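*Asks:* Have a look at the structure that comes next, please.
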């Protein structure tokens, strides 16, 4: 299939912006008074959709019609790892700079939670603290369920790392399966087993949450589902959902209603539903969303802008946490009734005093716009040259770069 999939670039950008809002808006206490604020609580839907999208588009780009891996395993791994490691390391570096100018210590680590109430933290001694930092640097922190990632959004990059390592082995086999629809349903049902198990066990500890929500082995069904979904889409087996005047609107209504219902349940429903909604219950709606976006018509005049925004999705994901930490601290410091020079000379004292102030949401839209612009510039002027240099140094004959114009990049 040679069709460009610009609709997936639009989807990636929207998911990245939604996750940015999900991670930041509740830092403003007054956000709780906003109407429909509960619509910002479904970060799991966006992350799961992104994992499915990754499997979908990688199959589109790398799997030949006969099921062979285009370019070979080494070519694939170099290109994929050069896509996520630089962004991860730069994002972690920026977050480290934020820690240097803040009052938070380097040995304080947050614990995984279901998002209800304040997140707990623990202070580690030198050896386990250094080890946890090392895991975060290597993007292996998702294998230790006891602690959240230092740069909170980066856990999903750790999952992608594992997915990429599995892709050359699993994707050709899945793409060649005869009963792919049945396999997709089976993967979905298997995906539901772990969250249902911990619900029956009544396990809501940080370790249980970290395992269910962040463990790559338990999250890979979404990625595998994306591989199978593309095979069904490319072979025309999903025309029943896309053909006719009413089928697409019905599928879109299913996605919207699923999102609305899940958002409401996340905000007000019983605690046990959070596991299931985060892991598996929404997968049919997420699969439908990917197919609808893949089949969406984007005006030709908008292709370049949409592609630029979509390509910056991972950069938004990687740097928005550090940028927000700087922005929120800056807002609080402006409320401290001290001269600028005095605050500069006694920064720690001013920073400690600023903690008591509530930041105003008036500048929040500016933060969102600034982060998107910064991410696009970072992607094009910083990340792409680094990625290109890595690929040129590790791939002597890079005959088939994935960066083909018009194709969504993941």
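In case you wondered, yes, glycine gets a Cβ from its N, Cα and C as well.
Features from TrEMBL:
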- 6-378: domain 'Acyltransferase 3' (DOMAIN)
- 43-63: transmembrane segment (TRANSMEM)
- 84-103: transmembrane segment (TRANSMEM)
- 152-170: transmembrane segment (TRANSMEM)
- 182-203: transmembrane segment (TRANSMEM)
- 223-242: transmembrane segment (TRANSMEM)
- 249-266: transmembrane segment (TRANSMEM)
- 272-294: transmembrane segment (TRANSMEM)
- 306-328: transmembrane segment (TRANSMEM)
- 364-384: transmembrane segment (TRANSMEM)
*Asks:* Between the transmembrane segment (182-203) and the stretches 43-63, 152-170, 223-242, 249-266, 364-384, work out which stretch tops the count of Cβ pairs under 8 Å.
*Replies:* 223-242
*Asks:* Please determine whether the transmembrane segment (84-103) and the transmembrane segment (223-242) are in contact (criterion: at least three Cβ-Cβ distances under 8 Å, sequence separation 6 or more).
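*Replies:* Checked: the transmembrane segment (84-103) vs the transmembrane segment (223-242), no contact.
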*Asks:* Under an 8 Å Cβ to Cβ limit, what residues of the same chain, 6 or more beyond the ends of the transmembrane segment (306-328), are close to it?
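*Replies:* Apart from its flanks, the transmembrane segment (306-328) reaches 6, 8-13, 15-17, 19-20, 23-24, 27, 83-84, 87-88, 90-91, 94-95, 97-98, 102, 151-154, 156-157, 298, 359, 363, 367, 370-372, 374-376, 378-380, 383, 406, 408-409.
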